[in-house]
Amino acid sequence: MAAAATTLRARSLAAVAPPAMLLMVVLMCTAGSSAAAAAGPLLDVGFYSKTCPAAEDIVRNETEAAIKESPDLAAALLRLHYHDCFVQGCDASVLLDSTPTNTAEKDATPNGSLRGFDVVARVKAALEAACPATVSCADILALMARDAVVLAQGPTWRVALGRRDGRTSSAGSCGELPPLHGDIGLMAEAFAAKGLDVKDLVVLSGAHTLGKARCPSYADRLYPSADPALDARYADRLRMRCAAGSSNSSSELDPGSCVTFDTSYYRHVARRRGLLRSDASLLDNRFTRAYVLQAASGRYDGHFFHDFAVSMAKMAAIAVLTGEQGEIRRKCNVAN
């Protein structure tokens, strides 16, 4: 309750604070977030120290090789972890294949553009060769997301491990994903349902500094008429890439910097050039708007990097399976 009170007080201050007070507000919220992140159930940064001591090195080496070959995979691997955790928790259910009697998460409409499954399979095969039936696919996703951010010149953080893999996956559960076309209220509700607050929302949105979005994800902001919240010149440029009815083209979420993890995403949002409706909606809430403007200034990159690490640790602890729950899959795409 004390941590919750601190967070609420910080948000209230942020709503009315002049720029000079924003740093204090961010630090207050970070303190609350750090405490929540540290409370992950039965997860331990040294979980594999005896059973598979080379696990993190194996994951890092394979991830580095994949991203060196295709830098845009950094965004794909980070997105896999996000989409996994928001649907029935961080249990690698997003990796399971569909069966004749069940459509799995990976084949749900919101996940149609997910990539990187082959890279995860490669990492799992290397871990199985070194430490059979030891490292979970859920932990692999958490580690690869962290390593992808680092390789894209972003922050690092210690990943608490010990997740177990789920045995089920259903496309019908993907309604739990935050809606890309949603306003700030819907986004905040989706995050709150997973134990994440409005600060986590604006911070994790910063992951859109990496990657691209397909035309159908933002066409509703262009047709039949441009969203008034979208910069007019930017809208004109987007129409050149995304014709009405197009489904194959894509645009960078952070134009000019989509393979580098930095704060330029927030500068685009501040200039009304956030690509997705969910990006633009960050300007519609007093706290998230203040955070966007602070990050956009370019003077608080270190604070954003710290905040991102904290929020990622919180997200990675959503509804995890531990102990005797679930299983350790031998192949990430099929249950044992």
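Here the Cβ of each residue, glycine as well, is placed from N, Cα and C on the backbone.
TrEMBL does not curate its annotations; it predicts them automatically.
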Can you tell which of Cys174, Cys242 TrEMBL lists as bonded to Cys215 through a disulfide? Cys242
Considering the candidates Cys29, Cys52, Cys85, which is the cysteine that TrEMBL reports in a disulfide bond with Cys131? Cys52
What does the structure give for the C-alpha distance between Glu105 (Ca(2+) 1 binding site) and His208 (heme b binding site)? Integer Å is fine. 22
Looking at the domain 'Plant heme peroxidase family profile' (42-336) alone, can you tell me the average pLDDT? 96
Below 8 Å Cβ to Cβ and six or more residues apart, same chain only. Which residues does that give for Asp91 (Ca(2+) 1 binding site)? Asp84, Ala138, Arg163, Arg164, Asp165, Gly166, Ala319, Val320, Leu321, Gly326
I need the most crowded of these recorded positions: His83, His208. Count other C-beta atoms within 10 angstroms of each C-beta and give me the top one. His208
Gly89 (Ca(2+) 1 binding site) versus recorded positions His83, Pro178, His208 - nearest by Cα: His83
Relative to the Cβ position of Val87 (Ca(2+) 1 binding site), how many further Cβ atoms are located within 10 Å? 28
